[in-house]
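Participant: Quick one: this structure, given as structure tokens, is what I'll be asking you about.
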Ligand code: TXA
Ligand code: MG
């Protein structure tokens, strides 16, 4: 398949409306979209990514009004979160409508819904005839792409169209809150922090990551994720010297240790989030064997960074 690269949201939407797969930028990471109401089109996403079929997709809407096309029984907590954070980097798990194909929700009775704030994404979604099912636009298991070149690297020739935009400003995937449970559960941390969510919904709990034998609340949690080829080594405090032979890299907020082949000192947590997945990708391209990652404090977006690092370390 020939992958068309375009800057035009309307042209990208024409492809999607023909039942094809289209990658597009969002403020979190790039997504790989298909018409959520067309099961054959959605099957194309799973094929292109090599994604396991039991891992459900997030459905993207152009405005909160569109939520009722895919979800129902929206409670008070969900309403408050929608009012405050849609459009934005937040996904809400809601009860799905029967008309939403099972392939999107991987057979679950629920659906994750998100309304991106990114201007190009918003324009693209407005030109799509229906809500758009979209996981991150990477080959399954790799770090999510935060720029169009990475999408092209992973998916060129496997998708119909790539809407080219600026690099993602947040760099980590959306916060996911399950609003179908009592109390609501934080399934994945993101730029909208637990502290901020609790200002609107004080009783939100953090989901315990899936234990053996239990059905994971977020099916994606059981898969290896965000992983570069290099080994990830987590460090709690600043290092003076790299305790290993090169080629090894370091990323964090402190002064970089001596002896690193490559290092990236981030000014703050937002920059750490924005550059992390790109750093993983560059390290792989440069043949780095080990990446030392400084764990940030578990507050604000620091919680989301820690979550990704712990998963990437396996
Ligand atoms: O920021 C984002 O959320 C990006 C952009 C493209 O919107 N999308 C994204 O999608 O990260 P994906 O598929 O890479 O991650 C979605 C996660 C998976 O772990 C999946 O298992 C979980 O959301 N998920 C989707 N639907 C769910 C549901 N109904 N219940 C629980 N978890 C769900
Ligand atoms: Mg993903």
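Cβ from N, Cα, C; glycine included.
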Participant: Please pick, from 60, 153, the residue that TrEMBL records in the L-threonine site together with 28, 114, 134, 174.
Facilitator: 60
Participant: I'm trying to understand the geometry here, so how far is the Cα atom of residue 144 (ATP binding site) from the Cα atom of residue 174 (L-threonine binding site), in Å to the nearest whole number?
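Facilitator: About 12 Å separates the two Cα atoms.
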Participant: Around the C-beta of residue 55 (ATP binding site), how many further C-beta atoms are within 10 angstroms, looking at every protein chain?
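Facilitator: Summing over all protein chains shown, residue 55 (ATP binding site) has 17 other Cβ atoms within 10 Å.
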Participant: Closest of the binding-site residues to residue 51 (ATP binding site), Cα to Cα, picking from 28, 60, 114, 134, 174?
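Facilitator: Comparing Cα positions, the closest of these binding-site residues turns out to be 134.
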Participant: Identify all same-chain residues not among 28, 60, 114, 134, 174 whose C-beta atom falls within 8 angstroms of the centroid of the L-threonine site's C-beta atoms; report them in sequence order.
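Facilitator: After dropping the recorded site residues, what remains is 26, 31, 58, 89, 91, 116, 173.
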Participant: Out of 55, 110, 188, point to the one nearest residue 134 (L-threonine binding site) in space (Cα versus Cα); all of them are binding-site residues in the record.
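Facilitator: Its closest listed neighbour, by Cα, is 55.
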Participant: Would you count the other CB atoms within 10 A of the CB of residue 114 (L-threonine binding site), including those on all shown protein chains?
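Facilitator: Its Cβ has 28 other Cβ atoms within 10 Å.
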